[in-house]
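Asker: Dropping the structure in here first, questions after.
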Amino acid sequence: MNDMVNLLDFDAQGLLAYCESLGEKSFRAKQLQRWIHQSGAADFGEMTDLAKSLREKLATRATIQAPAVISDHLSSDGTRKWLVDVGAGNAVETVYIPEETRGTLCVSSQAGCAVNCRFCSTGKQGFSRNLSTGEIVGQLWMAEFAMRKQLGRGPKDDRVITNVVMMGMGEPLLNYDAVVPAMRLMLDDNAYGLSRRRVTLSTSGVVPMMDRLSQDLPVALAVSLHASNDALRDVLVPLNKKYPLAELMAACRRYLEFAPRDFITFEYCMLDGVNDSVEHARELLRVVADVPCKFNLIPFNPFPESGLKRSNNEQIRRFSQVLLDAGIVTTIRKTRGDDIDAACGQLAGEVKDRTRLAERGKFGKTVPIQVIGADSTHRMGSA
(Lines of atoms letter the chains of each structure in order from A and count residues from 1; the text may use other names and numbers.)
(Lines give C-alpha, C1' and ligand atoms only; values in the text may rest on other atoms or scores of the structure.)
Protein backbone atom coordinates (compact mmCIF):
# COMPACT_ATOMS: atom_id res chain seq x y z
CA MET A 1 0.00 0.00 0.00
CA ASN A 2 2.91 2.37 0.68
CA ASP A 3 3.84 2.26 -3.01
CA MET A 4 0.34 3.29 -4.05
CA VAL A 5 -0.20 6.78 -5.48
CA ASN A 6 -2.73 8.76 -3.45
CA LEU A 7 -4.97 10.50 -5.98
CA LEU A 8 -5.96 13.11 -3.38
CA ASP A 9 -2.45 14.52 -3.82
CA PHE A 10 -3.23 15.63 -7.39
CA ASP A 11 -4.85 18.84 -8.57
CA ALA A 12 -6.34 18.85 -12.09
CA GLN A 13 -2.98 19.15 -13.85
CA GLY A 14 -1.41 16.49 -11.67
CA LEU A 15 -4.26 14.06 -12.25
CA LEU A 16 -4.11 14.71 -16.00
CA ALA A 17 -0.39 13.95 -16.05
CA TYR A 18 -0.97 10.79 -14.03
CA CYS A 19 -3.69 9.52 -16.37
CA GLU A 20 -1.50 10.21 -19.37
CA SER A 21 1.33 8.28 -17.70
CA LEU A 22 -1.04 5.29 -17.64
CA GLY A 23 -1.67 5.69 -21.37
CA GLU A 24 -5.19 7.04 -20.83
CA LYS A 25 -6.93 9.85 -22.70
CA SER A 26 -7.11 13.25 -21.03
CA PHE A 27 -10.89 13.23 -20.46
CA ARG A 28 -10.44 10.35 -18.00
CA ALA A 29 -8.81 12.75 -15.55
CA LYS A 30 -11.96 14.88 -15.28
CA GLN A 31 -14.13 11.80 -14.88
CA LEU A 32 -11.87 10.53 -12.13
CA GLN A 33 -11.77 13.91 -10.42
CA ARG A 34 -15.57 14.16 -10.35
CA TRP A 35 -15.91 10.68 -8.87
CA ILE A 36 -13.42 11.46 -6.12
CA HIS A 37 -14.34 15.00 -5.13
CA GLN A 38 -18.00 15.31 -6.11
CA SER A 39 -19.26 11.80 -5.41
CA GLY A 40 -16.89 10.92 -2.59
CA ALA A 41 -15.93 7.61 -4.18
CA ALA A 42 -13.01 5.81 -2.56
CA ASP A 43 -13.48 2.53 -4.45
CA PHE A 44 -12.55 2.44 -8.12
CA GLY A 45 -15.18 -0.25 -8.62
CA GLU A 46 -17.87 2.42 -8.07
CA MET A 47 -16.65 4.47 -11.04
CA THR A 48 -18.93 2.87 -13.58
CA ASP A 49 -18.23 5.23 -16.50
CA LEU A 50 -14.52 4.38 -16.43
CA ALA A 51 -13.35 1.53 -18.61
CA LYS A 52 -13.01 -1.73 -16.68
CA SER A 53 -9.37 -1.96 -17.73
CA LEU A 54 -8.66 1.47 -16.21
CA ARG A 55 -10.47 0.59 -12.98
CA GLU A 56 -8.39 -2.57 -12.67
CA LYS A 57 -5.21 -0.63 -13.41
CA LEU A 58 -6.02 1.99 -10.78
CA ALA A 59 -6.88 -0.65 -8.18
CA THR A 60 -3.34 -2.03 -8.35
CA ARG A 61 -1.49 1.29 -8.56
CA ALA A 62 -3.48 4.01 -6.80
CA THR A 63 -5.56 4.75 -3.74
CA ILE A 64 -7.92 7.47 -2.50
CA GLN A 65 -6.78 7.94 1.06
CA ALA A 66 -7.85 10.78 3.34
CA PRO A 67 -6.43 11.01 6.87
CA ALA A 68 -8.12 8.47 9.14
CA VAL A 69 -10.49 9.84 11.77
CA ILE A 70 -9.30 9.20 15.32
CA SER A 71 -12.12 11.02 17.10
CA ASP A 72 -15.26 12.91 16.14
CA HIS A 73 -16.89 15.41 18.51
CA LEU A 74 -20.13 17.36 18.10
CA SER A 75 -20.58 20.60 20.06
CA SER A 76 -23.83 21.76 21.58
CA ASP A 77 -23.85 24.62 19.02
CA GLY A 78 -23.53 22.23 16.05
CA THR A 79 -19.79 22.69 15.56
CA ARG A 80 -18.12 19.40 14.69
CA LYS A 81 -14.45 18.62 15.28
CA TRP A 82 -12.45 15.73 13.92
CA LEU A 83 -9.02 14.62 15.09
CA VAL A 84 -7.36 12.93 12.11
CA ASP A 85 -4.25 10.77 11.89
CA VAL A 86 -1.43 12.05 9.67
CA GLY A 87 1.07 9.36 10.63
CA ALA A 88 4.21 9.03 12.73
CA GLY A 89 2.35 9.79 15.93
CA ASN A 90 0.89 13.06 14.62
CA ALA A 91 -2.73 14.12 14.48
CA VAL A 92 -4.34 17.37 13.35
CA GLU A 93 -7.75 18.89 13.88
CA THR A 94 -10.42 19.88 11.38
CA VAL A 95 -13.49 21.87 12.42
CA TYR A 96 -16.87 22.36 10.71
CA ILE A 97 -18.83 25.46 11.77
CA PRO A 98 -22.49 25.61 10.67
CA GLU A 99 -24.21 28.94 10.14
CA GLU A 100 -27.62 29.86 8.81
CA THR A 101 -26.53 30.57 5.23
CA ARG A 102 -23.20 28.74 4.99
CA GLY A 103 -21.04 25.94 6.32
CA THR A 104 -17.40 26.75 7.00
CA LEU A 105 -14.58 24.23 7.34
CA CYS A 106 -11.41 25.17 9.20
CA VAL A 107 -8.52 23.17 7.73
CA SER A 108 -5.03 22.44 9.10
CA SER A 109 -1.91 22.73 6.94
CA GLN A 110 0.87 21.50 9.25
CA ALA A 111 1.36 19.06 12.11
CA GLY A 112 2.17 21.65 14.74
CA CYS A 113 3.52 25.11 14.01
CA ALA A 114 6.96 26.67 14.27
CA VAL A 115 5.71 30.27 14.44
CA ASN A 116 4.79 29.80 18.12
CA CYS A 117 2.37 32.69 18.63
CA ARG A 118 2.11 33.40 22.33
CA PHE A 119 -1.67 33.00 22.59
CA CYS A 120 -2.06 29.85 20.45
CA SER A 121 -2.03 26.34 21.90
CA THR A 122 -0.92 24.76 18.61
CA GLY A 123 2.50 26.38 18.75
CA LYS A 124 3.06 25.09 22.29
CA GLN A 125 3.22 21.55 20.88
CA GLY A 126 6.08 22.42 18.55
CA PHE A 127 6.39 21.58 14.87
CA SER A 128 6.66 18.14 13.29
CA ARG A 129 6.11 18.43 9.54
CA ASN A 130 4.18 19.90 6.64
CA LEU A 131 1.04 18.11 5.50
CA SER A 132 0.80 16.82 1.94
CA THR A 133 -1.76 18.12 -0.55
CA GLY A 134 -3.73 14.91 -0.02
CA GLU A 135 -3.73 15.37 3.74
CA ILE A 136 -4.97 18.95 3.37
CA VAL A 137 -7.68 18.44 0.76
CA GLY A 138 -8.43 15.08 2.38
CA GLN A 139 -9.79 16.98 5.39
CA LEU A 140 -12.33 18.68 3.10
CA TRP A 141 -13.12 15.38 1.35
CA MET A 142 -13.66 13.61 4.67
CA ALA A 143 -15.70 16.41 6.24
CA GLU A 144 -17.96 17.08 3.24
CA PHE A 145 -19.09 13.50 2.95
CA ALA A 146 -19.32 12.98 6.72
CA MET A 147 -21.60 16.02 6.95
CA ARG A 148 -23.68 14.82 3.99
CA LYS A 149 -24.23 11.55 5.80
CA GLN A 150 -25.13 13.35 9.05
CA LEU A 151 -27.64 15.61 7.26
CA GLY A 152 -29.01 12.94 4.93
CA ARG A 153 -27.90 14.67 1.73
CA GLY A 154 -27.35 12.78 -1.50
CA PRO A 155 -24.79 13.31 -4.28
CA LYS A 156 -27.12 15.64 -6.22
CA ASP A 157 -27.91 17.86 -3.23
CA ASP A 158 -26.13 21.14 -2.54
CA ARG A 159 -22.76 20.90 -0.89
CA VAL A 160 -22.68 21.21 2.88
CA ILE A 161 -19.35 23.05 2.98
CA THR A 162 -19.59 26.40 1.23
CA ASN A 163 -16.50 28.10 2.67
CA VAL A 164 -13.01 26.92 3.59
CA VAL A 165 -10.66 28.80 5.90
CA MET A 166 -7.00 27.82 6.13
CA MET A 167 -7.00 28.72 9.81
CA GLY A 168 -6.38 25.37 11.49
CA MET A 169 -3.07 24.09 12.78
CA GLY A 170 0.04 25.48 11.10
CA GLU A 171 1.15 28.46 9.02
CA PRO A 172 -0.16 27.78 5.48
CA LEU A 173 2.42 29.95 3.71
CA LEU A 174 5.25 27.91 5.25
CA ASN A 175 3.79 24.88 3.42
CA TYR A 176 3.19 26.69 0.16
CA ASP A 177 3.88 23.86 -2.31
CA ALA A 178 1.21 21.63 -0.77
CA VAL A 179 -1.32 24.30 0.20
CA VAL A 180 -1.67 25.91 -3.24
CA PRO A 181 -2.54 22.67 -5.12
CA ALA A 182 -5.02 21.86 -2.34
CA MET A 183 -6.69 25.25 -2.79
CA ARG A 184 -6.73 24.77 -6.57
CA LEU A 185 -8.82 21.66 -5.98
CA MET A 186 -11.14 23.60 -3.69
CA LEU A 187 -11.72 26.10 -6.51
CA ASP A 188 -11.95 23.56 -9.36
CA ASP A 189 -15.46 23.20 -10.81
CA ASN A 190 -14.80 19.49 -11.33
CA ALA A 191 -14.00 19.14 -7.64
CA TYR A 192 -15.47 21.45 -4.96
CA GLY A 193 -16.29 24.49 -7.09
CA LEU A 194 -15.74 27.16 -4.43
CA SER A 195 -15.09 30.75 -5.48
CA ARG A 196 -11.87 32.53 -4.55
CA ARG A 197 -13.94 34.75 -2.26
CA ARG A 198 -15.02 31.67 -0.30
CA VAL A 199 -11.54 30.28 0.33
CA THR A 200 -9.62 32.27 2.92
CA LEU A 201 -5.97 31.79 3.78
CA SER A 202 -4.85 33.09 7.16
CA THR A 203 -1.20 33.99 7.64
CA SER A 204 0.90 35.36 10.47
CA GLY A 205 2.68 37.47 7.86
CA VAL A 206 5.17 35.55 5.72
CA VAL A 207 5.75 38.51 3.41
CA PRO A 208 7.60 36.87 0.46
CA MET A 209 4.99 34.12 0.21
CA MET A 210 2.14 36.63 0.38
CA ASP A 211 3.63 38.24 -2.72
CA ARG A 212 3.96 34.87 -4.42
CA LEU A 213 0.39 33.89 -3.58
CA SER A 214 -0.91 37.13 -5.08
CA GLN A 215 0.52 36.00 -8.42
CA ASP A 216 -0.26 32.28 -8.23
CA LEU A 217 -3.67 31.98 -6.58
CA PRO A 218 -5.01 35.13 -4.91
CA VAL A 219 -7.74 33.90 -2.59
CA ALA A 220 -9.26 35.94 0.23
CA LEU A 221 -6.58 36.86 2.76
CA ALA A 222 -6.69 37.15 6.54
CA VAL A 223 -3.68 38.38 8.50
CA SER A 224 -3.08 37.50 12.14
CA LEU A 225 -2.18 40.95 13.44
CA HIS A 226 -2.81 40.90 17.21
CA ALA A 227 -0.68 43.94 18.09
CA SER A 228 -0.52 47.65 17.37
CA ASN A 229 3.26 48.09 17.44
CA ASP A 230 6.39 46.11 16.65
CA ALA A 231 7.57 45.79 20.25
CA LEU A 232 4.36 44.04 21.27
CA ARG A 233 4.00 42.00 18.09
CA ASP A 234 7.58 40.73 18.43
CA VAL A 235 6.39 39.03 21.62
CA LEU A 236 2.92 37.87 20.55
CA VAL A 237 3.82 36.86 16.98
CA PRO A 238 7.60 36.22 16.93
CA LEU A 239 7.62 36.12 13.11
CA ASN A 240 7.28 39.90 13.35
CA LYS A 241 11.00 40.10 14.12
CA LYS A 242 11.63 38.95 10.55
CA TYR A 243 8.75 40.78 8.84
CA PRO A 244 7.83 43.86 10.93
CA LEU A 245 4.60 45.79 10.62
CA ALA A 246 5.73 48.28 7.97
CA GLU A 247 6.78 45.43 5.65
CA LEU A 248 3.60 43.51 6.42
CA MET A 249 1.32 46.46 5.65
CA ALA A 250 3.17 47.08 2.37
CA ALA A 251 2.66 43.42 1.45
CA CYS A 252 -1.06 43.73 2.24
CA ARG A 253 -1.36 46.72 -0.08
CA ARG A 254 0.39 44.79 -2.87
CA TYR A 255 -1.85 41.77 -2.34
CA LEU A 256 -5.00 43.83 -2.71
CA GLU A 257 -4.07 44.63 -6.30
CA PHE A 258 -4.89 40.99 -7.15
CA ALA A 259 -7.24 39.85 -4.37
CA PRO A 260 -10.84 38.69 -4.97
CA ARG A 261 -11.99 41.00 -2.18
CA ASP A 262 -11.18 44.69 -1.87
CA PHE A 263 -10.07 44.43 1.75
CA ILE A 264 -7.78 42.47 4.04
CA THR A 265 -9.27 40.88 7.14
CA PHE A 266 -7.12 41.54 10.19
CA GLU A 267 -7.52 39.06 13.04
CA TYR A 268 -6.91 40.42 16.51
CA CYS A 269 -6.95 38.22 19.62
CA MET A 270 -8.17 40.23 22.60
CA LEU A 271 -5.83 39.71 25.57
CA ASP A 272 -6.65 41.28 28.90
CA GLY A 273 -4.21 44.04 29.78
CA VAL A 274 -1.88 43.17 26.91
CA ASN A 275 -3.25 44.56 23.63
CA ASP A 276 -6.81 45.63 24.39
CA SER A 277 -6.71 49.26 25.53
CA VAL A 278 -8.35 52.16 23.72
CA GLU A 279 -4.82 53.51 23.19
CA HIS A 280 -3.88 50.27 21.41
CA ALA A 281 -6.93 50.67 19.17
CA ARG A 282 -5.95 54.23 18.27
CA GLU A 283 -2.39 53.14 17.55
CA LEU A 284 -3.79 50.37 15.37
CA LEU A 285 -5.61 52.93 13.24
CA ARG A 286 -2.28 54.50 12.37
CA VAL A 287 -0.75 51.12 11.49
CA VAL A 288 -3.50 50.16 9.01
CA ALA A 289 -4.26 53.67 7.75
CA ASP A 290 -3.35 52.91 4.13
CA VAL A 291 -4.79 49.37 3.98
CA PRO A 292 -8.48 48.84 3.12
CA CYS A 293 -9.49 46.39 5.81
CA LYS A 294 -11.97 44.96 8.24
CA PHE A 295 -11.22 43.68 11.74
CA ASN A 296 -12.25 40.43 13.35
CA LEU A 297 -11.79 40.72 17.10
CA ILE A 298 -11.32 37.32 18.71
CA PRO A 299 -11.94 36.82 22.43
CA PHE A 300 -8.97 34.80 23.69
CA ASN A 301 -9.71 31.14 24.41
CA PRO A 302 -7.65 30.22 27.48
CA PHE A 303 -5.57 27.06 27.60
CA PRO A 304 -3.40 25.65 30.42
CA GLU A 305 -0.19 27.54 31.24
CA SER A 306 -0.80 30.30 28.69
CA GLY A 307 -0.40 32.96 31.35
CA LEU A 308 -3.00 35.04 29.50
CA LYS A 309 -6.61 36.06 30.11
CA ARG A 310 -9.51 37.00 27.87
CA SER A 311 -10.46 40.67 27.68
CA ASN A 312 -13.83 41.34 29.27
CA ASN A 313 -16.80 42.17 27.08
CA GLU A 314 -16.83 45.86 27.97
CA GLN A 315 -13.17 46.27 27.07
CA ILE A 316 -13.72 44.52 23.74
CA ARG A 317 -16.71 46.79 23.09
CA ARG A 318 -14.68 49.95 23.81
CA PHE A 319 -11.84 48.73 21.60
CA SER A 320 -14.18 47.90 18.73
CA GLN A 321 -15.94 51.26 19.02
CA VAL A 322 -12.68 53.10 18.29
CA LEU A 323 -12.34 51.14 15.05
CA LEU A 324 -16.01 51.54 14.14
CA ASP A 325 -15.88 55.30 14.75
CA ALA A 326 -13.01 55.45 12.25
CA GLY A 327 -15.20 53.78 9.62
CA ILE A 328 -13.62 50.32 9.80
CA VAL A 329 -15.98 47.35 9.63
CA THR A 330 -15.36 45.47 12.87
CA THR A 331 -16.86 42.22 14.07
CA ILE A 332 -16.45 40.34 17.32
CA ARG A 333 -16.11 36.66 16.64
CA LYS A 334 -18.70 34.52 18.34
CA THR A 335 -16.95 31.71 20.19
CA ARG A 336 -17.98 28.40 18.63
CA GLY A 337 -17.19 24.87 19.73
CA ASP A 338 -15.34 25.84 22.90
CA ASP A 339 -17.00 22.94 24.77
CA ILE A 340 -15.06 20.55 22.48
CA ASP A 341 -11.87 22.68 22.34
CA ALA A 342 -12.62 23.66 18.74
CA ALA A 343 -12.55 27.43 19.22
CA CYS A 344 -9.93 29.74 17.76
CA GLY A 345 -6.49 29.15 19.29
CA GLN A 346 -7.51 25.85 20.90
CA LEU A 347 -6.55 23.48 18.08
CA ALA A 348 -3.58 21.51 19.33
CA GLY A 349 -3.99 17.99 17.97
CA GLU A 350 -1.24 15.55 18.88
CA VAL A 351 2.19 16.49 17.63
CA LYS A 352 5.54 14.77 17.94
CA ASP A 353 7.70 17.87 18.26
CA ARG A 354 10.65 17.53 15.92
CA THR A 355 11.30 21.25 15.74
CA ARG A 356 14.98 21.96 15.32
CA LEU A 357 16.40 24.24 17.98
CA ALA A 358 17.60 26.57 15.26
CA GLU A 359 14.05 26.72 13.90
CA ARG A 360 12.68 27.64 17.32
CA GLY A 361 15.40 30.22 17.84
CA LYS A 362 14.48 31.87 14.56
CA PHE A 363 11.14 32.97 15.98
CA GLY A 364 12.26 33.57 19.57
CA LYS A 365 11.75 31.85 22.92
CA THR A 366 8.72 31.94 25.16
CA VAL A 367 9.77 33.64 28.40
CA PRO A 368 8.21 36.00 30.94
CA ILE A 369 8.55 39.42 29.37
CA GLN A 370 7.49 42.96 30.01
CA VAL A 371 5.31 44.16 27.16
CA ILE A 372 5.05 47.87 26.43
CA GLY A 373 1.76 48.67 24.78
CA ALA A 374 0.54 51.91 23.28
CA ASP A 375 0.32 53.59 26.65
CA SER A 376 0.56 50.84 29.25
CA THR A 377 2.81 48.18 30.69
CA HIS A 378 1.84 44.60 31.37
CA ARG A 379 3.86 41.61 32.50
CA MET A 380 2.84 38.40 30.77
CA GLY A 381 3.25 35.16 32.67
CA SER A 382 5.44 32.32 31.51
CA ALA A 383 3.76 29.79 29.25
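Any Cβ shown, glycine's included, is placed from N, Cα and C.
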Asker: Among SER195, SER202, SER320, which residue does Swiss-Prot annotate as binding S-adenosyl-L-methionine together with GLY170, GLU171, SER224, LEU225, HIS226, ASN301?
Answerer: SER202
Asker: Which chain-mates of LEU225 (S-adenosyl-L-methionine binding site) that are at least 6 residues away have a CB under 8 A from its CB, listed by sequence?
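Answerer: Long-range Cβ contacts: ARG233, PHE266, GLU267, TYR268, LEU284.
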Asker: Work out how many Å separate HIS226 (S-adenosyl-L-methionine binding site) and CYS120 ([4Fe-4S] cluster binding site) at their Cα atoms, rounded off.
Answerer: 12
Asker: In whole Å, note down how far the CA of GLU93 (active site, proton acceptor) lies from the CA of CYS120 ([4Fe-4S] cluster binding site).
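Answerer: Computed Cα spacing between CYS120 ([4Fe-4S] cluster binding site) and GLU93 (active site, proton acceptor) is 14 Å.
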Asker: What is the total of other Cβ atoms whose distance to the Cβ of GLU93 (active site, proton acceptor) is within 10 Å?
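Answerer: A count of 26.
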Asker: Restricting to the domain 'Radical SAM core' (99-339), report the mean pLDDT as a whole number.
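Answerer: Averaging the confidence scores along the domain 'Radical SAM core' (99-339) gives 95.
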Asker: For CYS117 ([4Fe-4S] cluster binding site), identify the closest of the recorded positions GLU93, CYS106, SER202, SER224, ASN301, judging by Cα separation.
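Answerer: When the Cα distances are compared, SER224 comes out closest.
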Asker: Give the helix, strand or coil assignment DSSP yields for SER202 (S-adenosyl-L-methionine binding site).
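Answerer: In the DSSP reduction, SER202 (S-adenosyl-L-methionine binding site) maps to strand.
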